[in-house]
Structures are given as C-alpha cells and as structure tokens.
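For reference, the structure is listed below as structure tokens.
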C-alpha cells in the first residue's frame, strides 16, 4: 500500500519481495456519495471490525487517547467524484507511485467532502489501485477494516473509499511533510536536518500510535512498522499509515499468531522471519529499528555503505552496548546538539527493543513512558547549543530516499 500521503516528491518503489518480505534498501458501478455499505463488505468484515458506513470523519482532538468506533464513518466516493477532485488524475497531481499504484493530490469540501476547485477546501491524498497490482485488493480491504474503525491522533485518517467494478481507491488526509524516511535521508541543499527535539517528538508520536494498537480490547499487530510508513503533518506530528498488513493479535492464551511472512527486510523481527510467528512485540522490534534510524541518521539497509555497515542493526548493536561509542553512533547532522543523558537513555531503550527474544522487549506503553521521561528531563531547548560531542569512527551516510508507495 502507498505510504506517501503528503510528500510532493515523485518516487518509485524499487524494493523487491522474497516470500512476501520486501526490501528496505535505499533507491529507494456508480453509487451515491451518501450511500451506505450494502453487501459488498460482508465478504471481509472481520469479527473485530464489522463494516458499516456513513459520512464524515472522526474527531481525534476530542479523544486524545484514541477510540474504536462502533461503526466506521467512512464516506463512499464515486469514481466520478474522485476523478473531479484530482482533475482527472492528471500527472501533475501525482504524489507518489509504487506497488499499489499511484497516489494523487485532490481537493474536497471540508464539510461535505464533495469535490472542490483546486485551492478551495482541503487537500486530500487519493490512492488509486493499479489493476495489475499483486498486493492491492486484500491490503485495500485491510486498510478499510482497520482505519475505518480505529481513531487516534497518531494514526492517519482514512476519509473514505471508492469501489466501482474493478476500480479501488482510498482517500486520506493530506500529510504535507511526507514520510519520516524522506525527512531523515534526503539530501537537498535547502534541507534542514531534523533537530534532536523533533526526532524525539516523532518517536513519541509513533510510539503512542503503536501503544494504542497494542492496548485496544482486541490487540492489533501493525506488522510493517518502518520510517516510510510514518507520515508528518505541517507541525511534525507523526501518524502511522498503511494498515494493509495489519493483523488481529493473538486470542485466548496464545502468545502469537502464525501467518505468512510479510513486511520489510531490515525492520521485521527475527522470530517472525524465521518462524512466521507474529507477536505483539514483533512491532516493538520494528520500532527499535526506526528509533535507531532517528538516532544515527542511517537507513535500516543501505547497500551503498561498506559491507559491514549495510545492515544498520548488525553494525550498531556493539555500539549500543558501549556508552563510550555514543558520539560514533549519533547522526553527525545533529552536530553534537543533543543532551548526552537523554541520548544514552534512548540508546539503552533501542537496545532493549532490538532484543532477539520478544519477551525481553519492553511493551509500547513502557516505551512511551521512557521517551516522555527523556523529553521531560531534557535541559536543552529547541535550537539550543547543547553539549557538543566529538565524533569518531565511521560517519553516517545520508541517502536520498523518497517515500515509497509499497
């Protein structure tokens, strides 16, 4: 599924799949708009989320801790409406392209979500399924089943969908700053690197999103946590996107669910890759990888680096256990402007998240608490000079990676 719902960068997914696991290497009939769901979704309404549809969107501000809606309130768009909103899906409106298809920029009325003129109303991201997509339909259904009912400030808002004949589309809120990987790894002359405080804020937001999924009445395993699936709004508020691979968590006394191996190399937990056993804490491992990316400024997998550094976790694991290696581990683009105690606590948390054994990893609730503690104890203000750390050893390599519609 696509994950660039906001960036104006045009991109192409260059990952490949092996047994359902994609590479994270760098390259990186008409229905009324007010109609409700009839029998179409009965084929995939799960025991967790039974589909029912109205119009409008959820108000996350009124529920800062998130909620699971009794029924979804997604709007059913006609294909004609979305064609109008995107100006006939013109090439200039393309936000991104990948395995799912293309993501287009569109304009709709803020209240009714009816198509609007360019520059009038609000911007949305319209994801259009490629009829030849190998991954599209099942993930399209999953996206509706989960995001249609889950509401949280740190989950991207799904506003509606279109299903006419073989035409499948999804409509999301627009995230102006694009994906986290785009912010971390691109190299533009006018680009300002993310500060320590912004990185910490993004980590906390993403952790809150995962914690909500894990603590809901019926746990949800995200299964594809990675930096390209974390989207940023204009204020750098982070939201999880792309629920195409999400799974219901284990039930009764089971510790895991067994499923086909799907996800992204470099982020997928080792126990899942080896056995196909998916734990709630498999998501925690993926979070650890992203936290490591935020600290180091390096990508999970990068074939342009020396062989021993291409896998970030393998290269960084010895450094994570040695306090003296902090400066070598941290992103040189931070220029030493970070609190050493806070950075060390974040490093220690990263190491715990990356434990080989799921039971030894912290819960996402604990992760949120630790990160918020680091934020509360930080003495360095945004943009402050902070303590500068002498950097030694091999430097991090910044790679130009645009968000990918997986």
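Glycine is no exception: its Cβ is also placed from the backbone N, Cα and C atoms.
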> Out of 339-372, 373-406, which range is noted as region 'Disordered' by TrEMBL?
Replying inline: 373-406
> Just how many other Cβ atoms lie inside 10 Å of the Cβ on residue 128 (ATP binding site)?
Replying inline: 24
> For the domain 'Protein kinase' (89-374), what is the mean per-residue pLDDT, to the nearest integer?
Replying inline: 92
